[in-house]
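Worksheet: one structure, shown below.
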Amino acid sequence: MFKLLVGNYLLNLSDTKKRVFLNVFWAILGKVANMLGALFVGILVARYLGPSDYGLMNYVISYVSIFLIISSFGLDDIEIREFSRNPKEYQTIISTAFCIRFCFALVAYILIGISLLIYKTDLFTSTIILIYAVTVFSNCFNVIRNYFTSILQNEYIVKSELFRIIIGAFLKIILLWYKAPLEYFIIATMFDTVLVSGGYFLSYYRKIGKVSYWNFNKKIAFFLIKESFPLVLSGAAVVIYQRIDQVMIKNMIDNESVGYFATAGRFLDIILFLPMILVQTITPLLVRVKEKNIVEYEEKKILFVSIVVWISIVIAISVSLISYWLIYYTYGEKYLAAVPVLQIMSWKTVGMALSVCSGQIMIMEHIQKWAVIRNIIGCCVCVCGNLLLIPVCGIVGSAWVTIITIFFAGFFSCFLIPVYRPIFFIEVKAILKGWKELFRLKELRGKSI
């Protein structure tokens, strides 16, 4: 029956809208499967390890994540844009971007090792950090993921991630069965990224072409580095203010507090998926609309921000109301200290929606070079806020800093930077009147995307 209903619905859509629908369908399917797998196994692992070891595990992940921006070099959004603008040059772009990513991944791994020596981290923690840090090299294969995203072929991405979910869950359940120590779970988590990277590569090889067709282009390399450099600085600031909290909590309080904070963060990762999928799916379409009709682009740009923001508001309200039951019936009574953190941090979805939408508009309009300023503002607010509030309010204070930071970075900073002020007013309109735009979807349905 479901298949029949979907089939009848697709018959009434244009070819472009069919591709968009199927792309969103596959993206949602993949994320839901990933959510359920990660939630189920993550709960079992958290219950087994306890708040302290679970906190150390998340500290390791956060520590390495701070360096991931170096390995990706801010190329993700630039790659998607260039694939959409130059579809015939995809092999050259893929190979060139892959080489750039690998070089910077090597730099990132070396810097991780140096940082551990400088801060004189204990041997056990240093070892598991260096093991997990191998993930910086797996990040190189995200260029293939970005290519599939640009051509609205999330099907191949989802199949790769489903493979990772099944094998990864199986490995972790075996570790739970044999009551393995923490370091084995770190290795299994690292292996997850290797699996999904291999899946991307295999999908590309089978559906698109051979690696032998790849060719490095120095001119394109310089162009990609030039375009992405402002985003590297911007991305570094973003990663710091999104991950530094757990590092600071560990150093200023203890591993157990990191475990509580990370528990709330796990639910936050889940509820952010729909706005993120909408942004990633609609962006390539807006790029094409902008090339053809600037008036239509301006109209749909406002619609785009309004929809994403108001979906995020609904999600934030819902999660805030049911936070106690979410924690109690999943992670258990030992993790109830995470409830107030989740109630506060659920509103990060709205700030993140504003930040991601505005960031995509900056890239589409080639004004991203100033983005670093707003993210540096967010980074400063995050670090200073945590230094002030963690000693006084603990992890609840850090949760409030998270919300303040994301709104400063994604919203208020756009007003402070003159070139981004038009984006600020679009965001204000989306917050105040965006719900009305939802009723215009039927009106816009007849127009080509």
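The chain as shown is numbered from 1 upward.
Keep in mind that glycine also has a Cβ here, set from the backbone N, Cα and C atoms.
Per TrEMBL, the features are as follows:
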- 20-50: transmembrane segment (TRANSMEM)
- 56-75: transmembrane segment (TRANSMEM)
- 96-118: transmembrane segment (TRANSMEM)
- 124-144: transmembrane segment (TRANSMEM)
- 156-178: transmembrane segment (TRANSMEM)
- 184-202: transmembrane segment (TRANSMEM)
- 223-244: transmembrane segment (TRANSMEM)
- 264-287: transmembrane segment (TRANSMEM)
- 307-329: transmembrane segment (TRANSMEM)
- 335-359: transmembrane segment (TRANSMEM)
- 371-392: transmembrane segment (TRANSMEM)
- 398-420: transmembrane segment (TRANSMEM)
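Counting Cβ pairs closer than 8 Å to the transmembrane segment (96-118), the top stretch among 56-75, 223-244, 264-287, 307-329, 335-359 is 56-75. Taking residue pairs at least 6 apart in sequence, the transmembrane segment (371-392) and the transmembrane segment (223-244) share three or more C-beta contacts under 8 angstroms. When Cβ-Cβ distances below 8 Å are used as the criterion, the transmembrane segment (335-359) is approached by residues 46, 51, 77, 259-261, 263-265, 267-268, 271-272, 275-276, 279, 304-305, 308-309, 311-313, 315-316, 319-320, 323-324, 326-328, 368, 371, 395-396, 398-400, 402-403, 406-407, 409-411, 414, 420, 423, 426-427, 430 of the same chain, each at least six residues removed from its ends.
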